[in-house]
Amino acid sequence: MPFSNSHNLLKMKYSPEEEYPDLKAHNNHMAKVLTLDLYKKLRDKQTPSGFTLDDCIQTGVDNPGNGIAVFPSSHVPCCDLTYQFPDTSIINIKMAQLNNQRLPPDEEYPDLSTHNNHMAKVLTLDLYKKLRDRVTPSGFTLDDVIQTGSLSLSALGSLDGDLKGKYYALRNMTDAEQQQLIDDHFLFDKPVSPLLLASGMARDWPDARGIWHNDNKTFLVWINEEDHLRVISMQKGGNMKEVFTRFCAGLTKIESLFKAKNYEFMWNPHLGYILTCPSNLGTGLRAGVHIKIPHLGKHEKFGEVLKRLRLQKRGTGGVDTAAVGGVFDVSNADRLGFSEVELVQMVVDGVKLLIEMEKRLEKGQSIDDLMPAQK
């Protein structure tokens with residue numbers, strides 16, 4: 001996990017050449033852009049909480065083959081420091097002019113009228129949020145995590161109507177209660193991934209971590225998991241319009257409640273919403289559909305179809321889980337370069353095509369003529 005401030009001070013007694021990590025066996029994006037010259041330029045900078053470049057890159061140093069592998073956590077200056085890395089290399093996509101990284105007005109809802117199919121089992125929209133000027137989990141002290149948790153509960157407690165709900169603290173749950181919520185896809189588990197553990201994400205677990213949800217369990221907020229908040233709208237079936245409408249209404253209310261307490265979500269015009277993991281930069285939005293496609297899921301062209309549709313798959317148990325019974329969690333691969341509306345529409349249109357392909361394969365027919373162009 002990130003070093004203590006005293007350890008960082010000790011490291012400064014040594015030259016950059018002595019402290020520069022050996023990255024010869026690494027193939028993540030951090031290793032591709034972290035030159036010795038860049039390390040010399042940034043290694044002595046730190047945030048008000050003492051977070052340094054060495055803290056930001058620790059995940060990449062400990063995980064040589066894993067994706068982006070940089071966690072710009074802590075305060076605003078840390079994000080400024082981390083994003084001095086070359087944009088195209090660290091994000092691994094061409095930076096695009098951000099169309100709309102804030103919630104769309106009512107008239108900009110995507111076309112969801114055709115998305116209501118028996119093959120869609122569960123629909124989910126979730127969004128990470130980081131509060132400006134608040135340390136995030138990978139840089140938390142115990143006091144930080146408690147204060148951020150209390151602030152979040154104070155805001156969420158003001159929700160009313162269909163969004164009115166209750167908070168459930170991890171520390172107060174029995175093992176059985178916690179596991180049931182995890183199995184129902186309502187709750188996060190303690191980080192076990194080497195990527196998250198190296199970033200310090202599990203520090204002081206489970207203090208001030210928990211889940212808030214409305215009475216119908218269709219609107220949920222995870223508190224102090226990977227970011228300060230993870231806002232989720234979900235329900236069984238295929239009616240994405242209801243999920244999206246509830247999501248926008250709830251998130252707008254939450255944002256206004258935090259603004260009333262003089263807090264706002266961290267955002268800038270170049271990168272959109274700033275979040276703990278660079279892979280979520282931009283909208284931070286993930287639109288997922290649990291869809292049963294056993295034939296297509298085993299087809300040799302399944303991966304290529306998803307790539308062309310700018311979608312990704314995983315098991316319904318979350319990241320790094322396998323599909324069971326042909327049920328996949330399919331979602332947008334992008335967070336950056338598209339608006340929330342465009343991302344949801346991309347998933348809606350893509351899932352519609354996947355269902356059409358599955359029906360073809362059920363009948364033993366070819367799907368070659370349905371292969372999409374690259375989006």
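The backbone N, Cα and C atoms fix where each Cβ goes, glycine too.
Neighbour count (other Cβ atoms within 10 Å of the Cβ, all protein chains): 21 for ARG230 (ATP binding site). Summarising the annotation, TrEMBL assigns ATP binding site to 122-126, HIS185, ARG230, 286-290, 314-319.
The domain 'Phosphagen kinase N-terminal' annotation in TrEMBL covers 11-95 (among others).
Feature annotation from TrEMBL assigns domain 'Phosphagen kinase N-terminal' to 100-186 (among others).
The domain 'Phosphagen kinase C-terminal' feature in TrEMBL is assigned to 119-361. Mean pLDDT for the domain 'Phosphagen kinase C-terminal' (119-361) in this predicted model: 87.
Under a cutoff of 8 A between CB atoms, and with a sequence separation of 6+ in the same chain, the neighbours of GLY317 (ATP binding site) are VAL324. Close to VAL122 (ATP binding site) in the fold, though at least 6 residues off in sequence, lie HIS185, MET234, GLN235, LYS236, GLY237, VAL289, HIS290, THR316, each with a CB less than 8 Å from its CB. Note on LEU125 (ATP binding site): other Cβ atoms within 10 Å of its Cβ, all shown chains, come to 25.
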